[in-house]
Every structure is written in structure tokens, then in C-alpha cells.
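Undergrad: Dropping a structure here in C-alpha cells format, bear with me for questions.
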2 protein chains.
Amino acid sequence: MSARTRSWWGWGYDDGHQPVEALRAAAPAIVQQLGFGSAEVEEPARLADVLATLPAPRVPVPAALRGILTTDGEQRIRHAQGKSYLDTVRAFRGVIEHPVDAVARPRDEHELEAVLAWAADARVAVIPYGGGTSVCGGVEPRELGPRFEGAVSVDLGALDALHELDDVSRAARIGAGASGPRLEEQLRAHGMTMRFFPQSFELSTLGGWIATRAGGHFATVWTHVDDLVESVRAITPIGAWASRRLPGSGAGPSPDRLLLGSEGTLGVITEAWVRVQPRPEHRASRAVRFPTFLAGADAVRALSQSGLLPANCRLVDPLEAQQTGAGDGTTALLVLGFESTDHDVADRLDRGLAICREHGGSPDEPRAGGAVSAWRDAFLAMPYLRDTLMQVGVLADTFETAITWDRFPAFHETVVGATRAALGEPCRVTCRFTHVYPDGPAPYYTVIAPARRGDEVAQWQAMKDAASRAIVAAGGTITHHHAVGRDHRPYYETQRPDVFAAALRGAKAAIDPAGVMNPGVLLPAEA
Amino acid sequence: MSARTRSWWGWGYDDGHQPVEALRAAAPAIVQQLGFGSAEVEEPARLADVLATLPAPRVPVPAALRGILTTDGEQRIRHAQGKSYLDTVRAFRGVIEHPVDAVARPRDEHELEAVLAWAADARVAVIPYGGGTSVCGGVEPRELGPRFEGAVSVDLGALDALHELDDVSRAARIGAGASGPRLEEQLRAHGMTMRFFPQSFELSTLGGWIATRAGGHFATVWTHVDDLVESVRAITPIGAWASRRLPGSGAGPSPDRLLLGSEGTLGVITEAWVRVQPRPEHRASRAVRFPTFLAGADAVRALSQSGLLPANCRLVDPLEAQQTGAGDGTTALLVLGFESTDHDVADRLDRGLAICREHGGSPDEPRAGGAVSAWRDAFLAMPYLRDTLMQVGVLADTFETAITWDRFPAFHETVVGATRAALGEPCRVTCRFTHVYPDGPAPYYTVIAPARRGDEVAQWQAMKDAASRAIVAAGGTITHHHAVGRDHRPYYETQRPDVFAAALRGAKAAIDPAGVMNPGVLLPAEA
């Protein structure tokens with residue numbers, strides 16, 4: 001893995017992107033399939049050109065921190081923003097609007113504390129950085145306001161070790177900087193797995209998952225990383241915040257649940273105890289077709305209320321199933337799967353399929369067409385595909401939410417309608433359920449539209465604003481698992497209780513008196 | 001139910017306590033069975049005598065609140081404390097150390113707001129009161145300090161209605177003051193149930209459950225009320241805190257999870273949307289015997305890591321099984337049960353029993369001996385039994401915790417040892433698991449010892465202190481589901497992260513600027 005190079009502008013690794021020649025050859029087919037886009041393939045800006053115009057850092061690095069902090073230009077650019085469409089299209093065009101002034105890479109908590117102390121003193125905003133995969137402006141030093149002299153990105157990459165493994169309790173203490181593959185590789189040596197697979201798995205980190213309440217592999221019950229966390233340790237400006245390792249507790253509000261979703265505004269998560277398990281030996285899954293997405297949704301509601309607790313219960317609408325090669329566009333696709341480390345799950349799948357049939361579903365033959373694996377492969381490749389589409393003049397983005405079942409049909413119509421209206425024709429707005437609960441689904445929307453080349457930022461902002469307003473107005477959450485960051489904050493502010501915001505401000509003021517922790521995320525920087 | 005009278009001094013209803021004649025007849029047998037206690041049956045103090053010495057309220061009730069607030073003596077006594085052993089033995093002897101000065105019974109949120117506004121202005125401590133079943137000093141105005149002129153108990157009993165039922169999403173909006181039976185009675189009219197059955201079910205309320213993170217019926221996964229809450233509404237001194245109805249969300253730290261466990265320190269919970277379900281049609285359960293408690297614990301660990309997710313997985317040690325009439329004292333008893341609204345669960349029980357056998361367990365014949373129902377009946381009667389034992393000179397109390405599996409055997413030995421040492425011989429310290437997780441159990445301890453009559457408070461305090469210190473020193477939590485209140489605060493303070501306490505103080509200061517909300521709970525009153 002060490003030979004692979006991270007893309008400086010787009011998703012993931014350079015080798016995940018198509019060479020431009022291949023893209024030129026493929027472009028006409030893409031354009032024909034979508035009915036829009038351009039065979040004129042654009043290439044990303046050159047890093048050297050961006051470096052040449054990079055402004056000097058606004059803050060000097062103190063001598064004592066020279067081994068921890070760097071002002072290397074490439075590092076400052078690579079840590080300047082996340083991987084949202086907004087971030088990627090800007091970088092693609094060579095626009096790095098808010099380069100960080102320095103990048104810290106602490107090798108232990110003492111070094112981290114030294115960075116936080118300096119930042120508070122020098123009025124430098126601190127932006128914790130895990131895999132850099134934020135899709136909501138979580139790591140970009142935007143909207144800092146006049147209080148700050150600059151911004152430092154704190155890369156937790158060096159804190160990636162598996163420290164302890166308790167195979168009796170099935171739990172592991174792991175450094176927050178461990179990426180998905182790094183974490184799983186270390187657990188595998190002990191015959192264990194965390195089985196937490198967000199779409200960003202290849203790059204995102206344990207600390208980032210916790211900070212943003214990431215959504216994982218399991219479609220029911222253990223949907224967020226919250227449900228796998230046993231205890232969390234963070235360094236805050238006033239000291240270490242370390243909860244006890246406990247399987248459960250009722251002693252006051254959960255300290256962990258206040259860090260979960262804090263998005264770097266309260267402190268820097270350095271490690272956590274998480275629940276692990278052996279690899280599941282027993283699996284059973286099947287693809288089921290439904291005449292419409294809403295018919296499939298009725299079946300998924302019944303499944304989510306059945307107590308069968310499928311590991312996989314991902315409903316994909318007809319157009320999205322077609323786009324990912326898992327359908328012909330005439331039916332919605334449900335990928336229904338069960339897994340267990342202990343016992344056969346074939347009976348659960350049978351009962352799940354019976355529920356599907358009761359709701360008009362037609363199960364595929366076992367393994368016929370390979371719809372399950374086709375969908376999974378497409379799932380992991382999707383973020384790369386977004387970049388490919390950008391190069392051929394197509395705007396592609398995703399957003400996600402959750403809503404109760406009673407409101408879902410009207411909600412869905414409203415959100416799709418508002419998004420389509422903002423993008424104009426032709427466009428595609430598709431939907432899948434990533435996670436489901438007895439009381440409602442977490443719908444995940446994908447939008448694809450002809451890009452207004454050179455004006456994508458404004459185009460995207462209009463779409464994002466329309467979709468976000470529709471979601472919040474119709475009763476949903478601005479994010480089920482992507483986080484709030486800076487992009488979602490205006491909508492988050494209309495969603496969360498004002499009194500809770502006051503409480504959060506009070507909590508933050510108490511432990512981050514200089515207000516340097518990720519200002520502008522969750523709360524305005526002025527707060 | 002309206003004809004039943006709540007006991008003013010002990011648990012539950014008067015009719016749940018033995019008449020003194022019956023107790024006199026039964027006392028010799030109790031003494032003989034335990035090997036300690038006294039055949040001299042004590043009777044509780046008379047309420048009239050306590051009323052005669054009740055000090056006058058320290059604060060005048062403003063005219064505008066006369067319809068909401070009362071200073072009636074009996075009400076002030078009935079709301080003065082909870083139902084811990086400490087509370088009960090004091091009341092039994094006619095000692096009401098900290099009578100509240102007034103009792104408010106708001107009929108709606110406007111009346112509640114008026115009470116909070118008055119209290120902040122008049123420097124009166126506000127103590128939210130649900131079922132009054134706190135066993136940790138959660139409702140007693142102790143340790144108020146000089147800042148307060150007095151204390152008002154805010155009884156939520158009038159806010160007990162089922163407001164809305166969404167049978168599509170299987171959720172209901174219910175007033176916080178609804179007791180377990182009242183809540184279930186209203187849901188039953190719609191064919192639904194919350195299936196949340198703490199031991200205090202008969203009296204405790206939805207708001208109390210949420211404020212204290214109560215533990216319910218389900219032994220795995222959905223262990224705390226936290227897992228059934230969809231949204232919460234509370235009135236705080238600066239206004240209403242109402243979260244959205246969402247099946248799941250990742251938008252910042254969960255507002256609900258900050259109210260869950262806040263124990264009245266942030267505001268008064270007035271209602272919540274909770275997940276409900278039809279009554280489960282499919283059930284299967286069995287009693288399993290193990291040669292020792294630790295052998296049973298190994299089996300329960302395997303069960304908790306199996307993904308079978310039993311509804312019931314309560315392991316009771318040999319002596320406690322005997323005490324409750326569910327065993328002969330030679331074996332530990334596991335009550336293993338499964339339930340489903342959707343599908344047969346016999347296969348899960350079969351697999352669960354196979355795991356038990358692999359760990360040396362011997363399942364009873366189906367229904368043989370009725371151990372399952374015997375244990376359940378005893379479970380609900382236990383709090384009444386405590387009062388009975390008090391009358392015959394026996395100290396009886398319970399405390400509970402949680403710990404990871406790897407540490408459980410040594411932890412158990414330490415906690416039992418410290419508790420036995422504090423009580424001296426003869427005494428009984430027994431244990432059961434109320435809830436279990438893949439990474440550890442929630443052990444629940446029962447202590448029975450000869451009371452030092454007239455000196456029970458000091459005797460209890462020594463035991464409580466020894467047990468609590470041992471729990472926290474050995475890595476456990478001071479409470480898994482009984483809450484912190486005032487009794488557990490000194491130990492909680494050594495358990496929870498100091499930085500989290502600072503955050504909580506900051507949050508409280510922001511929304512309760514006068515500091516009137518349940519001072520002394522979770523945080524010192526001075527804070």
C-alpha cells in the first residue's frame with residue numbers, strides 16, 4: 001500500500017482514477033448512456049501550478065514545534081479541504097481557497113498537547129484531520145472570522161496502532177488515526193474484525209468515524225459507529241477526556257455520546273476501545289426485485305419491524321440499480337443479507353424473503369446475475385466514479401438523511417422534486433436506503449446532471465441549498481451519517497434545538513476557552 | 001387502581017405491604033430461614049406524628065401559583081425523598097430530614113414554565129418528580145447549600161397522556177408523567193406496547209426513565225430506555241428543548257443523549273416519542289442450571305457474543321436463586337428467553353440451550369418447576385420484600401454496575417469481598433446479571449444482613465461506601481441503570497472524565513443560569 005499515492009485533488013488514490021487516454025476512449029459511451037455530459041475530457045490542474053501560487057503561511061511555526069509541524073506547501077494543500085463535490089471541483093480547477101497554514105503530525109499525545117497549547121496561545125484554529133474524506137466542509141478552515149491568525153491541520157495519521165486486544169470481551173484499543181484497512185489489517189492478525197465499512201473505508205479513520213458518527217456496514221441496529229464504541233479518549237485544550245471501558249452504563253449523560261458527533265469542536269480524539277468480533281462464518285443474502293421503489297419501501301418497513309435484523313437491507317431505486325449495473329431500470333432492487341459468527345442464518349433469509357413476497361417482491365435465483373456483488377463493487381467505486389464524471393462534464397453528488405416511515409413517501413417526493421427543480425432537465429435524482437430502523441429509513445440520494453462547466457460551484461450550491469432546505473422543512477435530518485461540517489451548518493441550525501445549541505456552546509466554552517477547536521463546525525466561529 | 005394508596009414511607013402501595021399481624025406470624029420463619037433478623041416486628045412511624053413535627057415551608061408561594069403549587073404537609077412529606085433503603089428506613093422511623101417546601105403539579109407546560117421562572121427568581125431548587133422511586137437520592141433536596149431559600153418538588157403526574165400514536169412507524173408521543181401501567185394501558189388500546197419493564201414499573205414514569213437512563217425488560221441490545229427513545233421534549237429555565245422525531249441521525253452530538261441521564265439537572269422532561277410494537281406473539285424460554293455462578297457467566301458470555309439476542313438472559317447465583325424460590329441453592333439459574341412479533345423463536349432457544357450445554361449447563365424440562373415465572377414474580381415483589389425485611393430487623397439493599405468480561409471474575413470477588421467485610425458476618429451478598437453485552441455483563445448485587453436496629457443509616461452508609469469504592473476502584477460503573485443522584489455522586493466523580501464534568505457544568509450554566517435544576521445531582525450544588 002505504501003507505493004500508492006493519494007490523489008491531491010480527487011477521491012482516494014491516483015491509481016483509482018482513469019488515465020486520461022482511457023477516459024477519452026470511454027467518454028462517448030458515458031455521454032450516450034446518460035444523455036448528457038461531454039466527450040471533451042478535462043484534466044485536473046497540475047499540483048505544481050497550484051503550489052506556485054500558494055500564499056505564504058500566515059503564522060510562524062515556533063522552533064519547539066518544528067519536528068511536529070510543517071509548512072510544506074504540498075502538505076498544506078493536501079490538508080486544505082475534504083472530498084466533497086465542492087472540494088473536488090475546486091481542486092480540479094486548481095482552486096485551493098483556504099490552504100491551512102501548517103500541518104501537524106503528532107506522534108503521541110504529548111506532541112498533540114503541545115500543538116493545542118501553541119494554537120490557543122497564537123490564536124490558530126485547530127482542524128483535526130483523519131482520512132480527509134469529509135464531504136461537508138469539516139476540515140477546511142473556512143469562515144474563521146477575524147479572531148484567528150491562521151489554521152493548523154492536525155493529521156492523526158501517526159496514531160494508528162492497535163494498542164490492546166481483549167479477546168475475552170471482544171474489544172480492542174486502537175489509535176484514532178488508523179484507516180479502515182490499517183485497522184482491519186491489525187485486527188486480522190488476531191482473528192478479529194470491527195466490520196465497520198463506510199463507503200470511505202479505504203481512507204477514513206477510526207477517529208474520524210467517531211467524530212462524525214459515521215455509518216457502517218450493518219443496515220440495522222448497529223448502524224452508526226456509536227454502537228461499536230466502548231470508550232473514547234480525546235485531548236482537549238484543558239486536558240485529556242477519557243471515559244471508562246464499560247459495556248454499558250447509566251451514570252449520567254454518556255460522555256462518549258457527547259464526543260460522538262463533536263466533529264473536532266471539543267477536542268481531538270486519539271484512541272478508542274471498540275467492539276470487535278471474529279469474521280462471520282455464516283452468511284446468506286439475496287437480491288429481491290420490486291415493481292417500484294415505494295413497494296420496496298413497504299417491504300423494507302416490514303423487514304425493519306420484524307426483528308430479523310438483517311446485516312444488509314439496502315433498497316435501490318430502479319434507475320440507480322440500472323446505473324450501478326445491478327438492474328435493467330424496470331425494478332427496484334433490494335439487497336437483503338444476514339450474517340452470524342455463531343449460527344446458520346438461512347432461516348432468517350427465508351423469513352425475510354417471505355416478507356418480501358408478501359409485499360410484491362420477487363427474489364432473484366440464488367446468485368443469479370450476481371446482483372449482490374455487483375452492487376457492492378459499485379458501492380466502493382462510486383466516489384471514484386464521481387471524479388470521472390466531473391472530467392466529462394457531469395455534476396455528480398450525494399446527500400443523505402433519515403425520516404420516519406409515516407412521512408417517507410411525501411418526504412421523498414418533496415426532496416426529489418426540490419432537487420430536480422434546482423438542477424433542471426435533464427438530470428437524474430436516485431435514491432437508496434443505506435440503513436433502516438423500525439421507525440424509518442435513512443434515504444441516500446445521488447444526483448447526476450450536466451455540469452455548467454466552469455460554473456459548477458454555483459450550480460452545486462443551488463442544488464445543495466434546495467435539497468437541504470427541502471429535507472429540513474419536510475422533517476428530516478440534514479445528515480444521517482455524513483456529518484454537519486460547515487456545508488450543513490445553516491440547515492443544522494434550523495433542525496437542532498436552540499436550547500441544545502446553547503448547552504453545546506456552554507460545554508465548548510468550558511473546555512475550549514480560546515475557541516480554537518474546529519471553529520465554524522456545528523457552531524458559528526464567533527460563538 | 002384509583003382505590004390504592006401509595007405507601008408514604010415504603011415501596012409502592014400500602015396493600016403491597018404485609019399487615020403487621022401477618023408479619024408477626026411470619027417473622028419466626030423468616031428469621032429461621034436467614035439465620036438472623038428478629039421476631040420482634042417493628043411498625044412504621046405514623047404519618048400523623050411526622051406531620052405534627054413538620055417544619056413550616058421556608059418559602060412563600062406566590063398568589064399567581066396557588067393553583068399549581070401546594071404546601072400541604074402530607075404532599076411535602078410524600079415528595080421529600082425517594083425509595084432507597086436509606087430513604088425508607090428513615091421514613092420508617094419517622095425521620096424526614098429534608099421536606100420539600102412546596103409541591104407543584106403543573107397541568108401543562110405553561111404552568112411548568114411559570115414554576116421554573118418563579119424558582120429561578122426566588123432561588124428555590126427545582127426537583128423534578130416522576131414516580132418518586134429513586135434509589136440514589138435523586139429527589140431529596142439534600143446538600144443544597146446556602147444559595148437556596150428552599151426546594152420545590154415538581155410532580156409530573158398530570159402530564160401522563162398518550163398524545164399521538166403513529167402505527168406506521170410504530171412510535172408514540174407520551175407525557176413524561178405516565179407511569180408504567182398508565183403508559184401500557186393507553187398503548188394497549190391501540191394494540192401496542194412499549195415493553196419497557198424496569199423493576200419499578202408499577203410506579204416509575206417515562207420521564208423518570210429517560211432522566212435516569214433506566215434499564216428495562218430486554219436483556220440485550222435494547223437494554224436502556226435510551227434505545228427506545230425517538231425524540232425528547234423538555235422545559236429548561238431558558239425555554240423548550242425539543243428534538244426532532246428521527247429514526248436515526250448523525251447531525252452533531254445527539255441532543256437526546258444529553259438529556260438521557262441528565263437527572264433533572266438540565267430541565268424537566270415533559271414528553272417523548274418512543275418506539276412501540278405489537279405484543280410479541282412468539283415466545284420461548286427455559287431455565288438452565290449451572291454448577292457455579294462463574295460457569296453460568298461463561299455461558300452468558302458466549303450467549304451475549306452469539307448474536308442470538310435473547311430478550312431474557314438473567315443469570316442468578318445459587319443463593320439468590322434459592323432466596324427467590326427458584327432454586328435449591330446448589331446451582332446457579334439462568335433464565336433464557338426469546339420473543340418476536342414476527343417469527344417463531346424456538347430455533348433460537350435451541351441454539352441458546354446448545355451453547356449453555358457446551359458450557360456445562362443443564363436445561364430444565366420445559367416449564368418444569370415453573371422457575372421462569374417464579375423468578376419473574378419474585379422480581380416484581382422484591383422491593384416490597386425489602387420493606388418486610390426491614391420490619392423484622394434485616395437490612396436489605398441492592399446495587400448494580402457493569403464491567404467487561406475480562407475483568408468480571410476478579411471484579412466480582414473484590415466487590416463481594418468488600419461488601420461482606422463492611423457488613424460483617426453473618427450476611428448474604430448475592431448476584432444476578434440483569435443485562436448483558438458482547439463485552440460484559442451488568443451485575444446486580446443484593447445484600448441482606450442483620451440490621452443494627454436504630455443505627456441502620458450508619459450501617460448502610462458503611463456498606464454502601466465500601467461497595468461503591470470497590471466497584472469504582474475495580475473498573476466498574478457506579479450505576480448501570482439506577483442513576484447517580486446524590487448518593488452516588490462522590491463515586492461518580494472519580495469515574496467520569498473531569499473534562500466531561502467541565503463540559504456538563506458549562507452546558508448547565510448556559511441553560512440553567514440560576515442553577516436551580518436539581519442541585520447536588522451529578523454536579524455539586526455549588527457548581
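Along the chain as shown, residues are numbered 1 onward.
Placed from the backbone N, Cα and C atoms, the Cβ positions cover glycine too.
These came from TrEMBL, pasted as-is:
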type: DOMAIN; residues: A:95-279; note: domain 'FAD-binding PCMH-type'
type: BINDING; residues: A:Pro128, A:Tyr129, A:Gly130, A:Gly131, A:Gly132, A:Thr133, A:Ser134, A:Glu263, A:Gly264, A:Thr265, A:Leu266, A:Gly267, A:Val268, A:Ile269; note: FAD binding site
type: SITE; residues: A:Arg314; note: site 'Important for enzyme activity'
type: BINDING; residues: A:Arg386; note: substrate binding site
type: ACT_SITE; residues: A:Tyr444; note: active site, proton donor/acceptor
Undergrad: Applying an 8 Å Cβ threshold (strictly under) against chain B, tell me which of the binding-site residues A:Gly130, A:Ser134, A:Leu266, A:Val268, A:Arg386 fall inside, in sequence order.
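TA: The binding-site residues close to chain B are A:Leu266.
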Undergrad: Could you give the Cα-Cα distance between A:Pro128 (FAD binding site) and A:Arg386 (substrate binding site), in whole Å?
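TA: With distance taken Cα to Cα, A:Arg386 (substrate binding site) is 25 Å from A:Pro128 (FAD binding site).
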Undergrad: Checking the spread of the FAD site as listed (A:Pro128, A:Tyr129, A:Gly130, A:Gly131, A:Gly132, A:Thr133, A:Ser134, A:Glu263, A:Gly264, A:Thr265, A:Leu266, A:Gly267, A:Val268, A:Ile269): what is the longest Cα-Cα distance, in whole Å?
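TA: Farthest Cα pair among residues binding FAD: 20 Å.
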Undergrad: Between A:Val268 (FAD binding site) and A:Arg314 (site 'Important for enzyme activity'), find the distance joining the two CA atoms and give it rounded to the nearest Å.
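TA: Their Cα atoms are separated by 33 Å.
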Undergrad: Measuring Cα to Cα, how far is A:Arg314 (site 'Important for enzyme activity') from A:Gly132 (FAD binding site) in Å?
TA: 26
Undergrad: Other Cβ atoms within 10 Å is the metric here; tell me which of the binding-site residues A:Leu266, A:Val268 scores highest.
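TA: Compared across A:Leu266, A:Val268, the most Cβ atoms within 10 Å surround A:Val268.
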Undergrad: Measure from the CA atom of the residue listed as 'substrate binding site' to the CA atom of A:Gly264 (FAD binding site) and give the result in Å, rounded to a whole number.
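TA: Cα-Cα, rounded: 27 Å.
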Undergrad: Counting other Cβ atoms within 10 Å of each Cβ, which of the binding-site residues A:Pro128, A:Gly130, A:Gly132, A:Gly264 scores lowest?
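TA: Comparing Cβ neighbour counts within 10 Å for the binding-site residues A:Pro128, A:Gly130, A:Gly132, A:Gly264 gives A:Gly132.
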Undergrad: Between A:Arg386 (substrate binding site) and A:Gly130 (FAD binding site), find the distance joining the two CA atoms and give it rounded to the nearest Å.
TA: 21
Undergrad: If you count Cβ atoms within 10 Å of the Cβ of A:Arg386 (substrate binding site), leaving out that atom itself, what do you get?
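TA: Result for A:Arg386 (substrate binding site): 23 other Cβ atoms within 10 Å.
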Undergrad: Select the closest residue to the residue listed as 'active site, proton donor/acceptor' from the following binding-site residues, measuring between CA atoms: A:Gly130, A:Gly132, A:Ser134, A:Leu266.
TA: A:Ser134
Undergrad: CB neighbours of A:Tyr444 (active site, proton donor/acceptor) within 10 A?
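TA: A 10 Å sphere around the Cβ of A:Tyr444 (active site, proton donor/acceptor) contains 24 other Cβ atoms.
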